[in-house]
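I have placed the structure first, in the form of structure tokens, so that the comments after it can refer back to it.
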Amino acid sequence: MKRVADVLIVGSGVAGLYASLNLREDLEIIMVSKKSVNLCNSSLAQGGIAVARGKEDFQSFIEDTLKAGKYENNIDSVRVLVEESMDNINKLIDLGANFEKDENGVLFTKEGAHEINRIVYHKDITGKHVEDILLENVKRRKNIKIIEDCEMVDIYHRGNRCIGALFNKDGQDLSIYAKVVILATGGIGGLFKKSTNERIITGDSIGVAIRNNIEIKDLSYIQIHPTAFFSKKSEEKRFLISESVRGEGGKLLNCNGERFVDELLPRDIVSKKIYEEMKKTNSNNVFLDVSFMEKSFLQNRFPNIYNKCLEEGIDISKEPIPVAPAQHYFMGGIKVDLNGKTSMENLYAFGETSCTGVHGANRLASNSLLEALVFSRRGALEINSYIDNLELIIEERECEDLDKYRLLNRKILIDEICRLRGDIKDELVTCGGECKKSS
């Protein structure tokens, strides 16, 4: 089966959706989703979106981002992120986003390692709210076609020019050819036994990139979130207890009810302290306590967390939440420039799939959705400016072994992560004996 478009977008999270809305409406766009269109990590982002509160906040925001990233960030990317943050928040509001407000305007909350309150948010479901708003807008665009339940297994290229991609659609091969291809398939959390990510997020684009000699960067930079709800279900998605809970004053306690860390330190430091405390006390988890806060405040500020914990038998207004670290975010990915362009012509990568270098070795809280917005818009605007000069190339291809390539992509990525991070190899899932057959 074969289809054609001006632009092919692989992925339907915030990065992919926002890119499509910033592309010209006279362009034919196909967006492909691995499962249902709204099953993505973007919908799991709870805390909010960081934004510079005016030019006077630029340097502080830049410094907070650099400090969290161990000063291994790309400084040019950080400047772009910060200086273009408010423009993109305003565009989201124009599209229908409804961030929390009081009589003086938009409210800003604080999260770990931010010097000031600069996070806009929608209750404790900011990512889902933004995803829903963007998807509503996309569905109104007649030039955007969505294909669900369709997994990418390879890209097509002529020399160093990307011309399309190959997909597994219901066990059949689907070839989509386009002038420009955008990869926005998210991170690698589905490769870990304990992750806050959706299980389908398995680094598909990154495995494909490695196999096709596209430049990648910082694959060893994997973020562990300090506070995922502790469950004895060993290989299921872990429910995130947002950074904003600590930002509002939540306290981390050991099994003896003692505080042991400054809750607003960067994520990697808090996670390390929790691991040390768990080892010291021979415990599987620590506790995040908000029981001293008003019940009405908790229900209003964190309705999703409040109700989810109740489902697990925990009333957070009366007892602390059992938490433990879990894989959360991937700072590495496909190396891109300031417009999301990869080392292959006419191929872009946005969001967690990409590596802009903006996060350095450790992402600052609430910079993930912001990165997806800022750089996908920049890339879309660049595509708008030159796509009319590109030729659509269609090549006849023989039917591929879809399962072989799917498993090989995963094996290549897992092997590379294990090579770089032998310390976490036991935390990774395997793709079973089938991987050996595909190598």
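Cβ atoms here come from the backbone N, Cα and C positions, even for glycine.
Feature annotations, reproduced from Swiss-Prot:
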- 12-15, Lys34, 41-48, Asp204, Glu352, 368-369: FAD binding site (BINDING)
- Glu111: site 'Important in orienting the L-aspartate substrate' (SITE)
- Arg267: active site, proton donor/acceptor (ACT_SITE)
When you measure from the Cβ of Ala45 (FAD binding site), how many other Cβ atoms are you left with inside 10 Å?
27
What Cα-Cα separation, expressed in whole Å, is found between Ser42 (FAD binding site) and Glu111 (site 'Important in orienting the L-aspartate substrate')?
18
Quick check for the class: what is the C-alpha distance, in angstrom and rounded, between the residue listed as 'active site, proton donor/acceptor' and Gly48 (FAD binding site)?
16
Cβ atoms near the residue listed as 'active site, proton donor/acceptor' (within 10 Å, other residues, all chains):
24
Pick out which of the binding-site residues Ala15, Ser42, Ser368 has the most other Cβ atoms within 10 Å of its own Cβ.
Ala15
Just the number: how many Å between the Cα atoms of Gly48 (FAD binding site) and Glu111 (site 'Important in orienting the L-aspartate substrate')?
9
